[in-house]
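Copied from TrEMBL, the annotated features are:
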{"type": "ACT_SITE", "residues": "Lys483", "note": "active site, proton acceptor"}
{"type": "MOD_RES", "residues": "Lys483", "note": "N6-(pyridoxal phosphate)lysine"}
{"type": "BINDING", "residues": "Arg581, Met757", "note": "substrate binding site"}
{"type": "DOMAIN", "residues": "687-808", "note": "domain 'Alanine racemase C-terminal'"}
{"type": "ACT_SITE", "residues": "Tyr708", "note": "active site, proton acceptor"}
Amino acid sequence: MYQVSDIVQIVTTQRFMLPSASLTISELVYDSRKVYHGDSALFFALKAARDGHRFIRAAYDRGIRSFVVSDLDLDYKQYPDANFLWVDDVLEALQTLASYHRKQFHYPIIGITGSNGKTIVKEWLYQMLCQDKKVYQSPKSYNSQLGVSLSLWELSDQYDIALIEAGISQEGEMAKLAEMVKPDIGVLTSLGVAHADGFSSKLVKLNEKLMLFQDSKTVIFPSKYVPEDLRSQSIQQLSWGNSASDKWQLVSTEINGSWTEVLLMEDSVEQRLILPFIDQASIENCLTCSSVMRFLGYDWSVIAERLKQLEAVEMRLQLKSGINNTSVIDDSYSNDLGALRIALDFLERQQQHVKKTLILSEVMGLPNDEKYFDKLRTLLSVFNLTRLIWVGNATTIFDGLDFETISFSSVDDLERHWATLSFADETILVKGGRAFHFESIVKRLTAKSHGTVLEINLNAIEHNLHAYRSLLPADVKLMAMVKAFSYGSGSFEVANMLQYNAVDYLTVAFVDEGVELRQGGISLPIMVLSPDESTFDRLVTHRLEPEIYSFRIFEAFNAYLKQQELQKYPIHIKLDTGMHRLGFLEDELPELLARLKEETTVKVVSLFSHLVASGKQSEDAFTQSQIGQYQRCVEHLEHELGYKVIKHLCNTSGIVRWPSAYFDMVRLGIGLYGIDLHHSNLDIWATSMLKTTITQIKTLKEGETVGYDRRGVLKKDGQIATVKIGYADGYDRRFGNGVGTMLIRGQYVPTIGNICMDMCMLDVSDMKVAEGDEVIVFPDIQQSARAIGVIPYELLVNISSRVKRVYYYQ
Ligand SMILES: *Cc1c(COP(=O)(O)O)cnc(C)c1O
């Protein structure tokens with residue numbers, strides 16, 4: 001623990017102001033939304049996608065009294081009792097502090113880096129070590145410049161060993177991480193092509209990664225990734241692989257069904273290891289972990305035993321719908337305080353239910369002592385839990401917490417008493433140490449799926465939001481289009497994340513969609529594109545704001561408002577500048593204006609129009625004329641109305657291509673969902689993946705036929721796989737007979753025969769596949785859309801509601 005006055009000594013400040021110098025700092029925060037113990041937190045106003053200085057007020061309101069800032073002209077007088085430290089570079093100050101803190105500890109610190117596998121190797125090492133050591137691991141994938149700093153800050157004298165993951169995306173970043181982490185032992189997992197963009201060549205990339213180990217005593221790595229001449233002479237090099245200089249020589253690997261047998265030679269003695277995986281990446285990661293364990297002095301027999309117990313790591317939280325109108329957050333694979341906190345944060349953000357239950361197990365590899373339980377209690381006390389269901393010993397530790405606590409000694413015990421618990425209308429976070437096998441609990445809680453799921457990556461949507469937002473000047477608002485269930489991606493789950501990220505407006509197509517969002521706890525203003533007379537009641541009850549596009553709808557709504565005696569109800573006026581769909585034409589505006597001036601029932605919140613071809617270069621002249629017409633109309637209207645309205649015109653393509661037309665707000669749609677129609681320079685991530693499974697595999701002879709009307713004919717002896725997706729799920733019939741391509745075990749396979757209602761068949765001749773294998777339905781959605789002559793929007797929104805949505809969050 002440091003006092004603010006100590007911290008002034010550690011980081012280099014330009015100046016400081018310490019009216020509360022004796023405050024003790026235990027937490028470092030950079031996000032004003034994630035503040036739980038205000039007065040013991042130090043806020044870093046980072047200049048990231050959004051400038052942290054803008055959130056000082058919010059952080060102060062949440063109790064923070066200590067700030068590290070860089071803006072010299074900041075108006076600190078507003079905060080008379082707050083400490084301010086002015087530095088040149090806020091991130092650098094955070095790193096300096098983290099690095100100082102790290103130097104207080106002398107137990108081994110293992111630094112892990114690589115293109116792929118670093119988080120898995122970290123998790124597996126944790127699993128293998130925690131059986132007899134107190135292990136700290138950096139939470140989830142906190143591996144960036146910021147993440148590593150925060151990870152190091154959590155080091156304490158409770159541990160025997162620490163695992164810190166370091167990741168870089170650009171040249172020059174590793175030196176800083178190395179300076180902070182100063183790993184005693186370095187581990188390089190792999191070197192691949194992932195994230196290659198920021199690097200000029202593979203060699204540069206490798207050199208950069210190796211920089212993490214510049215002060216290490218020992219480095220452990222698979223030899224195939226590191227050419228001999230790059231290896232530093234001053235560091236002990238321990239590698240495994242096929243070359244003569246390897247400490248551990250790979251003799252053979254043999255895959256048997258679901259496991260792999262590996263023979264490894266150490267000092268001429270052969271060791272036999274059974275790995276519970278068959279894919280190449282997992283085999284490599286297991287061998288890297290074994291090498292580290294060996295270096296740490298473990299016997300081969302212990303290593304072999306612990307390897308067998310490893311399980312695949314699911315690093316992401318999953319949000320699913322559960323029984324009795326519950327939402328279930330499944331995060332059963334990693335359980336330490338860091339990961340628990342991330343999961344609780346996510347739980348806290350769920351607005352769909354007031355009730356919140358945490359099902360939590362004891363943690364392995366951490367001292368289950370008073371100090372640990374103290375931390376746990378403190379952590380739990382700041383979240384708004386309704387109920388804690390605890391699995392493990394030490395039942396009295398939760399005395400004094402102000403929510404219901406129920407304890408069970410084991411998962412078995414919990415399952416035996418399942419009927420005594422009720423779960424309904426609540427959000428349930430399931431978070432258990434791996435040894436507890438909480439999978440069975442998650443199964444009991446979640447509604448059944450029929451084998452086809454749409455996986456939605458909430459991080460990717462969040463990432464895309466930030467990417468488009470980065471194009472906008474700070475004073476341009478953002479409206480997120482969540483119509484058609486967020487282009488097929490779901491309703492309140494996506495909206496919740498958007499609300500958390502403070503978008504300004506949401507837009508739905510119909511009143512019912514808006515009602516669902518309100519019932520899911522969404523409080524942002526919501527515009528409804530196609531309100532209908534019959535739904536005015538619901539619209540008003542749920543504070544939804546209609547688009548008014550014609551005199552008919554205006555008069556109807558006006559009459560309704562009068563009858564209800566409502567005044568100044570917010571509405572949005574749609575102008576038709578060329579779409580010729582809905583909206584007022586320019587020559588109708590004088591009459592519209594007259595009507596608006598007459599009535600006090602409504603207040604115009606925004607005036608908007610829609611570009612018809614903002615993405616199409618050949619129509620740029622038309623777009624330009626639309627922009628001109630829009631501008632002329634809104635300026636006139638706003639002036640005549642006599643008050644400010646929000647003006648907005650651009651959709652996704654407009655955001656990318658027409659900065660001159662941002663006005664006060666933009667409407668982001670398809671881009672949010674990962675479809676970059678313009679191949680812009682933005683780094684846009686795919687957000688959803690439709691997955692199904694193989695139900696049956698059949699071997700057929702040349703000439704036999706597959707499916708209805710005998711349309712699929714085998715041209716030679718072969719094999720087909722039946723998968724659980726058909727046109728009722730949204731897999732269009734036009735994908736039949738080889739037009740559609742899916743992905744199984746990394747290989748593309750064509751459909752064969754007609755698509756059926758609930759199933760279809762794939763030609764998997766000459767491939768090694770198994771029943772139960774996962775199948776990716778649209779490996780490339782733009783390409784799939786082209787194959788049947790539609791646009792990606794259509795494929796997305798047609799994915800049937802019976803396809804279960806599972807949300808992932810990292
Ligand atoms: C759907 C829609 C958008 C969003 O369009 P994208 O091309 O998906 O970004 C914007 N404005 C209106 C009026 C819409 O209906």
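Each residue, glycine too, has its Cβ placed from N, Cα and C.
TrEMBL annotations: computationally assigned, not manually curated.
Features as recorded by TrEMBL, highlighted on the structure.
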residue	record	contacts (Cβ under 8 Å, 6+ apart)
Lys483	active site, proton acceptor	Thr507, Val508, Ala509, Glu513, Leu529, Gly669
Arg581	substrate binding site	His610
Tyr708	active site, proton acceptor	Gly753, Asn754, Cys756
Met757	substrate binding site	Gly726, Tyr727, Ala728
DSSP helix, strand and coil counts for the domain 'Alanine racemase C-terminal' (687-808)?
22 helix, 44 strand, 56 coil
If H, G and I count as helix, E and B as strand, and all else as coil, what does DSSP give for Arg581 (substrate binding site)?
coil
Local confidence of the domain 'Alanine racemase C-terminal' (687-808) - pLDDT mean:
94
